[in-house]
Structure formats: structure tokens, C-alpha cells
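K.L.:
Once you've had a glance at the structure underneath, I'll fire off some questions.
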Amino acid sequence: MADLPPPSTVASRFVSESDLSAAAEKRKAEWKAAYERLGQAPPEQPENQAYDPRSLYEKLQEQKDRKQEEFVAKTSISAQFRGVDEEEAGFLQELDMEKLQRERQKKEEIEAELKAFREAQTSTPLASSPPAPASTARQSLAAAAPPPPLKLPKKKESKQSKFLAGAIKRKSLADGMHSPLSLYSLASSCCRHGTSIYMNLSHAPFSVCSIV
């Protein structure tokens with residue numbers, strides 16, 4: 001019994017629960033007062049967790065294993081390819097409907113513009129068309145007009161042609177006088193009127209030399 005420490009010394013090694021609660025309330029009040037001096041609200045204090053009899057190594061190893069499992073789950077192939085949930089499917093369907101509506105509206109606007117253009121083309125009279133240029137009008141009139149008559153150049157009769165024509169005419173008269181029928185008619189006429197005819201036999205037959 002002499003070896004045992006005095007009771008007061010043994011009792012001083014243990015702390016009661018009431019002392020721990022009082023110390024926690026004191027720290028909380030000091031923490032709140034410090035934040036009030038800074039003009040900020042103090043953050044919420046975590047609640048007292050249950051007592052864990054494990055060592056620090058076991059606690060850290062548990063946290064490491066948990067992070068490794070989360071990393072493997074994120075990088076796995078099955079996590080990269082997943083199905084579309086209902087919310088995403090509804091959003092995609094709304095986008096498709098908006099796209100179809102815009103395309104339908106654009107198509108209706110184009111059809112309305114084409115219809116208005118056709119109506120304007122059919123209702124516009126031909127007289128309202130812009131006049132053709134002067135050169136184009138002259139070309140069209142020239143194409144429609146009949147071609148002018150072709151004028152042949154007049155041939156100038158030369159003196160030589162006139163002389164030849166007179167010679168041919170005189171020769172034809174002389175030939176007519178040299179014919180027997182003409183001489184016979186001339187002799188008969190002269191006999192009736194008492195006129196003598198002298199023949200020149202040195203030249204062509206029945207050539208008249210002179211009439212007395």
C-alpha cells in the first residue's frame with residue numbers, strides 16, 4: 001500500500017465529461033467573439049463525431065482506398081458511355097422541334113415571296129415594260145421593212161456603138177436594094193414614070209450605079 005500514489009495525484013490524471021463540455025463551450029465563445037471583431041459570421045462547427053478506436057494509419061489508408069475507387073469508377077469505359085436520361089432526352093426533343101419549326105417557317109416565307117412575285121408578273125401589263133433603246137428600235141424597224149429595189153447602173157452608149165448600129169442599119173438597106181426583087185420593083189416604077197436606070201456590072205450583080 002505504501003507504493004500506491006496518493007489519491008489526489010491519481011485523480012488529477014482523469015478529466016470528467018463536464019470539464020470537457022465547459023472547455024468546448026469556452027472555445028466556442030472565444031471563436032465567435034473573434035469573428036465578431038472581424039465583422040464576419042463564424043462558420044458552423046462540426047458536430048462531435050463518434051469515437052473511432054482505430055489508429056491514424058488505418059484512417060488514412062481508408063481515405064486513400066476510397067479515393068482510388070472513385071478514380072477507377074470515373075475513368076472506366078462503362079462510365080464514359082452512358083445512356084441518356086429522361087431529362088436530357090426531353091431537352092434534345094425540344095431542340096429538334098424548334099429546329100423543325102424554324103425550317104418550316106423559313107419555307108413558308110420563301111413560298112409567300114415566290115407567290116407574290118408571280119402575281120406581280122402576271123398583273124403587270126406589257127405596256128409598262130421599259131422602252132427599248134433607240135438603237136434596238138431602229139434595228140427592229142430596219143429588219144421589218146422590205147428591202148429596197150435593186151438599181152442597176154445605166155450603161156452609157158459609146159459613140160462607137162452608135163456608129164456600128166447606123167452602119168448595120170445602112171448596110172441592111174443597101175442589101176435590100178441589091179436584092180433582085182427590089183431592083184425589079186424599082187425598074188418597074190421607073191418605067192412607069194419614064195426614068196432610065198443604068199447598071200454597073202463591074203461590081204456586085206444588079207448593083208445600082210445611078211438613076212436618071
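Placement of Cβ uses the backbone N, Cα and C atoms for every residue, glycine included.
Sharing the feature lines straight out of TrEMBL:
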- 14-118: domain 'FAM192A/Fyv6 N-terminal' (DOMAIN)
- 35-69: region 'Disordered' (REGION)
- 55-69: compositional bias 'Basic and acidic residues' (COMPBIAS)
- 100-118: compositional bias 'Basic and acidic residues' (COMPBIAS)
- 100-161: region 'Disordered' (REGION)
- 134-144: compositional bias 'Low complexity' (COMPBIAS)
K.L.:
Should anything in the same chain at least six residues away from the compositional bias 'Basic and acidic residues' (55-69) have a Cβ under 8 Å from its Cβ atoms, list it; otherwise answer none.
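P.N.:
Residues packing against the compositional bias 'Basic and acidic residues' (55-69) from afar: none.
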K.L.:
Using DSSP, tally how many residues of the region 'Disordered' (35-69) sit in helix, strand and coil.
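P.N.:
Its residues fall into 18 helix, 0 strand, 17 coil.
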K.L.:
Kindly state the mean pLDDT of the domain 'FAM192A/Fyv6 N-terminal' (14-118) in the predicted structure.
P.N.:
83
K.L.:
DSSP-wise, what's the residue breakdown of the compositional bias 'Basic and acidic residues' (100-118) into helix, strand and coil?
P.N.:
19 helix, 0 strand, 0 coil
